[in-house]
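Features of the protein shown, as given by TrEMBL:
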COMPBIAS  293-302  compositional bias 'Pro residues'
DOMAIN    6-138  domain 'EamA'
DOMAIN    146-278  domain 'EamA'
REGION    283-302  region 'Disordered'
TRANSMEM  7-27  transmembrane segment
TRANSMEM  33-53  transmembrane segment
TRANSMEM  65-83  transmembrane segment
TRANSMEM  95-114  transmembrane segment
TRANSMEM  121-140  transmembrane segment
TRANSMEM  146-164  transmembrane segment
TRANSMEM  176-194  transmembrane segment
TRANSMEM  206-229  transmembrane segment
TRANSMEM  236-256  transmembrane segment
Amino acid sequence: MGGRGWALFAAVSVLWGVPYLFIGIALQEGIGPLATAAARVVLALVVLVPIAFRHRHRALLAGRWGRLAVLALVEVVVPFSLIPLGGQTVPSGTSGVLIATEPMFVLVVGLVLGTRARPTLAALIGLVVGFAGVVVLLGVDGSGPGAGLIVTAAACYAVGAVLVGRWFGDLPAMPVVAAMIVLAAPALTALALVSEPLPVPTPAGLAALAALGLVATPGGFVAFFRLIAIAGPDRAALITYVAPVVAVAAGAVLLAEPVGPRMAGGALLVLAGAWLATRGPLVPGGAPRGRPTEPPPRLTSP
């Protein structure tokens, strides 16, 4: 991976690590969790749709809008709502670490749907280690219920990753992402309007939403797919283990979130478990045993 690849890797690490910080700021400034999710998607739509559809990719989606609606629900509407809902009681850094459980759920979902071969011993150990880390993190600052919501969001991302491979593996990623955003935006907006009072955002809250929706979310998409093109999916997938570190650091430095021994220990267990869970072939006859492998890349930034 050359200089451009490393620059993109660093950019994606930051862009995928800081959304939790911006969500935390928005919540602190009195913006509701569902309003935060809706604003994020609506603002991202403004940036992503022109990029994704400029090459007439819309024709590729013909006849697939039903499945796209299911994917938008699983990959955007539900997790984008659960993360800020959980973030009301969970520190932003802990949120970033809990989302890193996604590869473990991908393993489980792949086994259930038959898209993955029998797991290796390392993968099984990874499941045990990773979920032990989740149990440790559930006790941090009494954030158990909120942490459960965020872990559920990670499980949704895992289901979405498997569905992408089954339903849209023959399509470029960007038009699929844009289609999900188009479908999710009105759903999240309606959900926010009927569930929460209209927020009166402060300048800090508006800045956080702008950074989340106009920079971190669309920028994370574009940079990640360019990184895949330059460095390949295996190396790009390493973002899964770097972005949580960025999330913890950003929360500690900018929101003064404590990073105690329990938080650090739980985070290490989760990241170790996620790494082990991606060892071995994804499908029968797949990659060689012991080589790190990943499912189709997640189409949404955290």
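Each residue, glycine too, has its Cβ placed from N, Cα and C.
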| task | With pairs restricted to those 6 or more apart in sequence, evaluate whether the transmembrane segment (95-114) and the transmembrane segment (236-256) have 3+ C-beta pairs under 8 Å. | result | yes
| query | Which of 7-27, 33-53, 146-164 shares the most C-beta pairs under 8 angstroms with the transmembrane segment (176-194)? | reply | 33-53
| said: Please identify the stretch among 7-27, 33-53, 146-164, 236-256 with the greatest number of Cβ pairs below 8 Å relative to the transmembrane segment (206-229). | reply: 7-27
| field | Within-chain partners of the transmembrane segment (236-256) [C-beta distance under 8 Å, separation at least 6 from its ends] | value | 9, 12-14, 16-18, 20-21, 24-25, 28, 91-97, 99-100, 102-103, 224, 227-228, 263, 267, 270-271, 274-275, 278, 292, 294, 297, 302
| Using DSSP, how many residues of the domain 'EamA' (146-278) fall into helix, strand and coil, respectively? | 111 helix, 0 strand, 22 coil
| Would you list the DSSP helix, strand and coil counts for the residues of the domain 'EamA' (6-138)? | 109 helix, 0 strand, 24 coil
